[in-house]
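J.: Pasting in a structure now, in structure tokens, and then I'll have a few things to ask.
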Amino acid sequence: MTNPYVPILVLMGAAALLALGGIGASAVIGPKVYSRAKLEAYECGIQPTPHAIGHGRFNIKYYLVAMTFIVFDIEVVFLYPWAVAFSDLAVFGVVAMLGFLALITVPYLYEWRRGALNWD
Amino acid sequence: MNSLPWITILIVLPLLASAVLWLVPGLHRVARPYGLVVSLVTLGLAVAMATGFDTGTAGYQLTETHAWIPALGVSYAVGLNGLGLVMVLLAVGLVPVVLAADWHAADDPAEREDEDAAYVARRRATFVALVLALTSLMVAVFAARDLFLFYVVFEVMLLPVYFLIGMFGGPQRRAAAVKFLLYSLAGGLVMLAGVVVTYLHGPRGDQGFLLDSLAGAVTDPVTQRWLFAAFFIAFAVKAPMWPVHTWLPDATAQGTPGTSTLLVGVLDKVGTFGMLALCLPLFPDAARWAAPGIVVLAIVSLLYGALVAMGQQDLMRFVAFTSVSHFGFIVLGIFVGSQVAMTGAMFYMVAHGLSIAGLFLLAGYLERRGGSRRIDAYGGMQRLTPVLAGLFLVAGLASIALPGLSGFIGEYLVLLGSFQSSIPAAVVATLGVVLAALYFLLVYQRVFTGEPRASLREARDAGTLRDLTARERWTMVPVVVAMVVLGVLPGPVLDLLTPISQVLAMGGVQ
Amino acid sequence: MTTFVAPVIDWAALSAILVIAGTGIVGVLVAAFVPASSRRTVQVVLALVAPLAALAVVAWRWSVVVGGGESTLVAGQLAEDGPALAAQAIILIFAVVGFAVMASRLPNGEEAFAPQGAAAPGSAYEEAARRAGLEQTEVFPLALLSLAGMLVFPMANDLLVMFVALEVLSLPLYVLSAMARRRRVLSHEAALKYFLLGAFSSALFLFGVALLFGFSGSISLPDLGTAAATTVGMDGMAVVGFVLVLTGLLFKVGAVPFHAWVPDVYQGAPTPVTGFMAAATKTAAFAAILRLLYVAAPGFGWDVEPVLWAVAIASMLLGTVAAIVQTDIKRTLAYSSVAHAGFALVAIVSLSEQGPSALLFYLLAYGLATVGAFAVVTLVRERDADGNVTGEATHLSQWAGLGRRHPVLAATMTLFLLSFAGIPLTAGFVGKFVAFVAAADGGAWPLVVIAVIASAAAAFFYVRIIVLMYFSRPEESERPGADAVEPGALTRASLVLCALGTLVLGVWPTPVLDLLAQAAKFVV
């Protein structure tokens, strides 16, 4: 019988390998062409360093997109394991998940009605 | 007749009257007569109650016991023994005098011109309402037979006095009121810790706070000493004894004369009353253990008060320090370990209440005339205001224990008892008596004898300085009568007090 | 692979929580679908009716449960017993009076919250929002959701449920703290501090949960208690884990040394929110601490007690000393609340039998006075040169002479202050008394002595405010004097309730004490 922690160690090793391997491989094989945009820090597609106070406010849409993403992201995170264990959970699972989906729809409705989804 | 809940009536009536006065604006205009009538009715009821009192027993009479907070073992339990009865009579007797004497106390000259009539009326009504509320609390504190009830009243009583000093006193009243409150609160909270621990040592149950069930509950000598200390500190602050007396001169110098009268004449007696009614019966062994130390403290208070009084320039502060000295006498009588002295101390509590009322009120009248309370601002006043001077002399002589006046019996008995049990203490205390004669006569001489000052004489000639008015004279009549009666016929009061000291002096339980 | 067994859910036992959470969700939908003109009215009605309905439900559950019907619910994750229901009832009472103050407007129609939360302070956009009369009615659903978390807290019988409740109650409060209409930068600062420190303490809590799970193999409180008695050799882990979990909770309570956020947040948050938060959050967190200590801790009680002693002493002393030097009424009350956290802890340090009921009574007394005192603060306002009412006059010196011009309001405030100070015949005194009895009965009398000394010192700053209101003339302050505005009907009702409660609980506490005495038993 193996130690139960061994799989975790293996996973950690694999993860490290993947991360380091990716960086290493691109450093070795990739073409090296720099531009200004490439040298800037990456911050989710917006200006990474706001300038003076007052001009430095993030656009509110930034947060809206993030929050809408989370609404659906959480949904998926729960839906996936639920689907796997669906047969065990039986009726209880269906009802619970329906309740969860209904609740997660509420903020979506709120966003929609209050105009958060109008881009302009 | 004794089936009536006398004590409850005495507590509820002034309190109710006070609340009605404060809440009904229509009554504000007649606040002062209203207060006087209520206080006289209360006094009448108290006297009626006293006629049915059975002298010659130390036990509580007129008792009432009702569950109040059974979950905590608290009951509303009241009753009076001889001492309580005497103190209640003193308290409710002084209230009408004070209300009449402080007739104009709420009309602050600094605030009058820019204020409308409704505001002045409200101020007067507030004053009267506070005094009435205080009346009911004074009755309750002397009648409490439940430790929790006693503590509650003991603390709540601070509030009316605090507002009386803070709202109606002299220029430094704010600081004086805060000092008074914080001293008393600190003492009271120390006592609260003692109350809690005492209760936990008791039998608990629905009536766990009754004094009867707590007496003798704490048997461990060390615990008893700690608890005794917790209670004693609170009462020493209240009494006030050296070295925790410093709030008293400030409070009396800033309060109105009437407030000071109630404060020193009655409320401070709660301190010595508490020593008698709580410290001795609840912790007899610790009291015996601590007695020598307390006697020393009492003697220090006695001499210190007298000496400092001599150096005072302010009349009110002078009277306050004489009280520190007198309280030293009372505490000495309680703890010196003689039954005679204890009886004397209890008698002294009443006598001192009367003489202090006389001195404070007359000093107030004098200040109203001369515009100052500094002793050196006066001179020769007995030519200008002979009645005032004569009454001041009587009150002062009562205070320094001239035979035939109320102070004598108490002081004599305390000294007599002290000689029986501790000669050194008695000798030093006698020195205090001599000092008392000295400080009072010195002050009398400087204020009332000699040539009147030119400015005062001119004021008299111009008609602005007059002798006591009819209202002022009438306020002094009951005080002086009581002084003489107690001085000549102390028997009935002594009969009330002796059984109590018999029980307590043996370290027994009431 | 274990087979899944669906938990039995006793919906009746959850109904109070469901009412509040459901109304919160309905509130979100109201904000989405109801036209702006009637939106606020609907929200206010919902926010006031829901706690009342929940209170009725709790009363019903009380009659069913207390005295034999105690049980754990949802596979042992929640517990329905006396202390939980009593705490819920107290929280709901605070919600009723607190929401009433939140929903009130000034005579000129101004409410306590920013017209548009997202607008930058002082920007043209904010000014436009103000002119357009916009209102952020989302505060009511937010407050209801926070309340739902608070209701779960006392029932949580499982560390993870406790954590979820902690977050559910905290997140809306962070947002609410940022919503003040005036002094918005201060309000933003408050919210940010609250959020950062709150997140930090949540992390500590979670870390503690992890350690305790490692120690016992379970996150349920009763299992933890038994594991503590049977597991040997891992005491260090257990104690560290326990202390970390406790830290997370003590943070919410605002006890020293986890109090740093309290003054800033109490000062910056909109005053009605401060009142509600101060009273209800403290009660909820203390209820959770109660269950943690009485259900899980007995197994290693001797390790926890010194920590509690230290926290209680530090809170009482530091809260008192710091309050004395404050010049802002809201900060004074904030530090006083730190001190009160210490006093409340005194009731339970020795884990005595009367501890829970004493603590709950203390919190009820403290909370009523707190909601009331902050409600008074909302009414004491400055005026500009034209006589228009502007922001709250929170500098202490501005309160000078309030008793002259507004005797009733000043008398009400005085009552609350006396209750804080623990003067007899107010609820605060009975609260202190039962707390001290509980502590001394458990042998913690040195703590009682310290508490008594701290009370005496604390009386100083309460008395100082009374002195200002009654004994000072407004001319003595160099700042513009304060003027009290007429309270709206809801604030008035709330003030009357708080004042009556403070007085009645001080004079005749027997019924409440009897009820709480029945509630002392925890279900395991």
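Residue positions begin at 1 at the first shown residue.
Each residue, glycine too, has its Cβ placed from N, Cα and C.
TrEMBL feature annotations, pasted as is:
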TRANSMEM  B:6-27  transmembrane segment
TRANSMEM  B:34-53  transmembrane segment
TRANSMEM  B:73-103  transmembrane segment
TRANSMEM  B:124-142  transmembrane segment
DOMAIN    B:144-434  domain 'NADH:quinone oxidoreductase/Mrp antiporter transmembrane'
TRANSMEM  B:148-168  transmembrane segment
TRANSMEM  B:180-202  transmembrane segment
TRANSMEM  B:222-241  transmembrane segment
TRANSMEM  B:262-283  transmembrane segment
TRANSMEM  B:318-340  transmembrane segment
TRANSMEM  B:346-366  transmembrane segment
TRANSMEM  B:422-444  transmembrane segment
TRANSMEM  B:474-494  transmembrane segment
J.: Taking pairs 6 or more apart in sequence, does the count of Cβ pairs under 8 Å between the transmembrane segment (B:262-283) and the transmembrane segment (B:148-168) hit 3 or more?
T.: yes
J.: Can the transmembrane segment (B:474-494) be said to touch the transmembrane segment (B:346-366) if we require at least 3 CB pairs below 8 Å and skip pairs under 6 apart in sequence?
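T.: Between the transmembrane segment (B:346-366) and the transmembrane segment (B:474-494), which are separate recorded stretches, there is contact, as judged by 3 or more close Cβ pairs.
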J.: Determine which recorded stretch among B:6-27, B:34-53, B:148-168, B:222-241 has the most C-beta pairs below 8 angstroms with the transmembrane segment (B:180-202).
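T.: If we count Cβ pairs closer than 8 Å to the transmembrane segment (B:180-202), B:222-241 scores highest.
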J.: Count, for each of B:73-103, B:222-241, B:346-366, B:422-444, the Cβ pairs lying under 8 Å from the transmembrane segment (B:148-168), and report the range with the highest count.
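T.: Result: B:73-103.
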J.: State the non-local partners of the transmembrane segment (B:318-340) in its own chain: residues 6+ outside its ends, Cβ under 8 Å from one of its Cβ atoms.
T.: 239-242, 245, 248-249, 251-253, 260, 264, 268, 271-272, 275-276, 280, 287-288, 290-291, 294-295, 297-306, 308-309, 312, 346, 348-349, 352, 356, 359-360, 363, 375, 399, 410-411, 413-414, 416-418, 420-422, 425, 429, 432, 435-436, 439-440, 443, 501-502, 505-506
J.: I need to check the long-range neighbours of the transmembrane segment (B:422-444): which residues 6 or more away from its ends have a CB within less than 8 Å of a CB in the stretch?
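T.: Answer is 295, 299, 302-303, 306-307, 309-310, 315, 318, 322, 325, 328-329, 332, 336-337, 375, 392-393, 396-397, 399-401, 411, 414-415.
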J.: Mind checking which residues reach the transmembrane segment (B:124-142)? Cβ under 8 Å, same chain, six or more beyond either end.
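T.: For the transmembrane segment (B:124-142), the far contacts come to 7, 10-15, 17-19, 21-22, 27-28, 31-32, 34-35, 38-39, 42, 46, 78, 80, 83-84, 87-88, 91-92, 95, 98-99, 102, 105-107, 149-150, 153-154, 156-157, 160-161, 163-164, 167-168, 258, 262, 266-267, 270, 273.
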J.: Do any residues of this chain, six or more beyond the ends of the transmembrane segment (B:346-366), have a C-beta under 8 angstroms from a C-beta of it, and if so which?
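T.: The answer is 83, 86-87, 90, 94, 97-98, 101-102, 252, 256-258, 260-261, 264-266, 269, 272-273, 276, 315-316, 319, 322-323, 326-327, 329-330, 333, 373, 378, 381, 385, 388, 391-392, 394-396, 398-399, 406-407, 409-411, 413-414, 447, 468, 472, 475-476, 479-480, 482-483, 486, 490, 493-494, 497, 500-501.
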